[in-house]
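Below you'll find the structure, written out as structure tokens, and then a few comments.
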Amino acid sequence: MQGEIVQFNCSEFKSHRATQSDIKIAMNLRSSNKILAQAAIILFFFWVIALILLTRPLLNNQQSEVSNDVLQRLSKAVSELENLKVRNQELQWILTNFSHEAQSGKINENVVERLRSTLEDKIRVPISFGGLEKKLVSGPSKEYEVKRRAIYRGVQEIWYFVQQELEKLKKKGHDQSAPELASLIQEILNSGKEHEIVLLNDLQELSSMEGHDAWRTTESRALSDLVQRRLHYLQNPVDCSKARKLVCNLNKSCGYGCQIHHAAYCFIMAYATKRTLILNSKKWRYHRGGWEKVFLPLSDTCTDPSGLDRSNWPGTNETQVIELPIVDMLSPRPPFLPLAIPRDLSERMIRLHGDPQVWWIGQFMKYLLRYQPETQKMLDQAKEKMNFKTPVVGVHVRRTDKVGTEAAFHSIDEYMLFVADFFNKLEMKEKVAVRRVYLASDDPSVLPEAKKKYPDYEFLGDVSIAKGAAVATRYTDSSLRGILVDIHMLAHSDHLVCTFSSQVCRLAYEIMQTLHPDASSKFKSLDDIYYYGGQGPHQQTAIYSHKAHRTGEISMEIGDVLGIAGNHWDGYSKGINERTKQSGLYPSFKAVDKYNIVDFPVYSEVAVAA
């Protein structure tokens, strides 16, 4: 019977050069097959006992005629045997479908639970897969996830390097009047780009085929839910009059993105000191009615900033109310400023996300930026009016007061180059009916220019929002509505192309992390790497040694700590080797982020599982 149910030959399996995932699937199937076989044997055992009991009268009365009652019992036994045969066929059908799902990489917690409940319903016997379901839903190891993302970034980095070097050669060909050489190099660039796209698509497909997407989604929700419940607990003390508080004044002299980042910095400080955040937003320059006119209150129970005693930062642990300065004036500087992450959650964060530092900041944005119903309605109407739907790339072009001071000028062509990359990559997998772009800018001329130069794209956006983003009209109700719409649409895009020197761009990227299990690769910055204003040191660790052989390069040994200043997106990053004190360029692929893991409160009052 076991052979009938489990149609799986181990010797044939071992004769093939199976991949690791095939072996895992086979092990899972063998475990489930064993359970099914045992269930069938149990049923067969019960049938034999029943048959013996039914035939006992025949043995005891061999000389007498078989009574009608015995004949009826025998008939019933035969009928039960037929039922067993049918159930056996049903079990075989269930197992076949389970096998197909496992081999296609779709096996997850729901599949296992569905199989278990179906079998229990059919054979009326409780089933345990002996830990199989736990193995299937426990997800990949942290090392596996980190390495998978490193390979993805490595493919990008090698293409940045090759592309930049070939562009240099092409320029030399033009300068030396060698058009054939320049044309040949352009062909190589085109083919090389296709190779990169296919490799990246294959890596993404491999990730989903392994059956871990369900775990990533579940873990993302669970981890985010835990942090959100901790923040709710912090912000809603039982007795506000006795609660320890941290007061933060919202009106920092800067733009919208900067002020939101200021509020998030205050919130992180409150979490780290286990104090309820009181956000003072009276006469907020973006809305005279204050924060609560746009977003939900940070607390349902505690908004009163008063207390028995009061002090400026840092105060003492016993001080009830502490007032917090802007991050630029903070002294002493605590260890838990961005880009620090909490030790008690760090393993889960690093396993789940490609940039856990941004994921952590995104969680504070998620709680802070909960819209009032009127705000949400306004955003929904704007989305419907402009026909915002996927696939769509969000592009943010920051100009006006940034250009020439904090950032360089970038033409619309530079942005659209990476927009085209996104859609070319997508079209390798599926048909794209419309190449849709949401274009946000503080320069009203950008949207008309883009529509004229790129007629094959559908551009979404509003020139009036760009006009309202100008310095002279920045602090008006219409300007606030415009910036809310821009950031909302940029964050909800499938990919983001912008400059990380812009607070708006970084804010959209942070919010994007709350909408996906891992959106750390869903961006292209034309200038800076991600950073947080007022952050602590951003460091990397050398994982390969390097001997400088070009002008401007620095050498490094495995384990050297590097203070990274930026990625040049040409295969090289710039930074300082803290061991040798040399400053210069080093190959980006030879170093990885060194996370600043810090002891935050563990909030034992909040259960890990909801």
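Every residue gets a Cβ built from N, Cα and C, even glycine.
Nobody curates TrEMBL annotations by hand; they come from automatic prediction.
Listed in TrEMBL for this protein:
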- C240-C302: disulfide bond (DISULFID)
- C248-C266: disulfide bond (DISULFID)
- C254-C258: disulfide bond (DISULFID)
- C498-C505: disulfide bond (DISULFID)
- 242-526: domain 'GT23' (DOMAIN)
- 535-596: domain 'SH3' (DOMAIN)
- 332-338: motif 'SH3-binding' (MOTIF)
- 35-54: transmembrane segment (TRANSMEM)
Q: Work through the disulfide-bonded residues one by one (C248, C254, C266, C498) and name whichever has its CA nearest to the CA of C302 (disulfide bond).
A: C248
Q.
I'd like to confirm something. Which of the disulfide-bonded residues, C254, C498, C505, has a Cα closest to the Cα of C266 (disulfide bond)?
A. C254
Q. When you tally the Cβ atoms that lie within 10 Å of each candidate's Cβ, which of the disulfide-bonded residues (C248, C266, C302, C498, C505) has the highest tally?
A. C505
(Q) Cα-Cα, whole number of Å: C254 (disulfide bond) versus C505 (disulfide bond)? (A) 15
**Q.** From disulfide-bonded residues C240, C248, C498, the one whose Cα lies nearest C258 (disulfide bond)
**A.** C248
Q.
If I take the Cα of C248 (disulfide bond) as reference, which of the disulfide-bonded residues C240, C498, C505 has the closest Cα?
A. C240
